[in-house]
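Below is one structure, written out as structure tokens, with a few remarks after it.
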Amino acid sequence: MLCRLGCRWLRPLPALQFGVRVPPLAPTSTGGIKHSALPAWAVASVSTVGSGGPGSWYEALASSAPVQGAEEVLLGMHAATGLPWWACIALTTVALRGAVTLPLASYQHYILAKVENLQPEIKNIARHLNQEIAVRANQLKWSKRVARLTFLKNMRRLVSELYVRDNCHPFKATVLVWIQFPMWIFMSVALRNFSTGSPHSEAGFPVQEQLADDGILWFRDLTALDSTWILPVSVGVINLLIVEIFALQKLGMSRFQTYITYFVRAVSVLMIPIAATVPSSIVLYWLCSSFMGLSQNLLLRSPRFRRLCRIPLTKEILGLTIWGLHWRPPFSAPQGFLVIC
């Protein structure tokens, strides 16, 4: 039987071997246009990072095609609905999160649920492979280190074959990160261009005037900072709620997942002072985006919604300790990647 298992799980292994500066832009005359309520240090804080001039990385980002596309989306929503800018920002955020990130998040959960359901089969493979490695190590007088490396190499190959068989490679679950985070950046920069009357935006100054009068409640001027810190603190609190929901869903998190959870908690707290230094229009977008993220996480916990999206049911599988290693296949958490933006 060992010979047959050896042919199945092990393959023959090879021997183990250990410039030019861009001239500054001419000052733009603002005439009688209303200036932003932002202090000068806040207006210039981001654009002065790096080289500090028109040729800096931020200047290139602010004038890039994706940011201009985000500006067109905001302007189109405002022109189509006629709503004040605070409602336009909120409605655009809800539309983008509902049309783009919710389907991607559902797909992420679908992939990771299939990965989770492979764990019993992976554990069975690991046990058989462990037995064969033990026999081979005894026959060939391998050291514990050689046996461990042999186990890891064969285990990675076998698990990859399972992912290919079920078409559920965990990397597919990262598509949400690669789309959601850049979209968050582009929308934030577009709103900053509007709030500061940036020359990169074709509608910068007219929109800046509208934003100064189209706020609500205590933040009437969307181009100004929120001196009450209510918006920044709200962003941090909602992000922390998202992190805690993620943490509560997984009782047996791996060490890597634990480190990531603590890191995202720190980022959530750090977002509070950062949000206090940017225009209220940007913080309003961050707040709406975080609130939609929280709602999305709660919705994806609903069994009825998961059945609607055909997300398979999952069962918690603990890791397996072999050759001094706690073998737990990557990305086994049903929630996968934690994104708070």
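The backbone N, Cα and C atoms fix where each Cβ goes, glycine too.
Here's what TrEMBL has on this protein:
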- 85-300: domain 'Membrane insertase YidC/Oxa/ALB C-terminal' (DOMAIN)
- 173-191: transmembrane segment (TRANSMEM)
- 229-247: transmembrane segment (TRANSMEM)
- 259-276: transmembrane segment (TRANSMEM)
- 282-300: transmembrane segment (TRANSMEM)
The transmembrane segment (282-300) versus listed stretches 173-191, 229-247, 259-276: most Cβ pairs under 8 Å: 229-247
Tertiary contacts of the transmembrane segment (173-191), as residues 6+ beyond its ends and Cβ separation under 8 Å: 61-62, 64, 66-71, 74, 89, 92-93, 96, 100-101, 104-105, 107-108, 111-112, 115, 201, 278-279, 281-282, 285-286, 289, 331, 336-337, 339, 341
Reported mean pLDDT - the domain 'Membrane insertase YidC/Oxa/ALB C-terminal' (85-300): 87
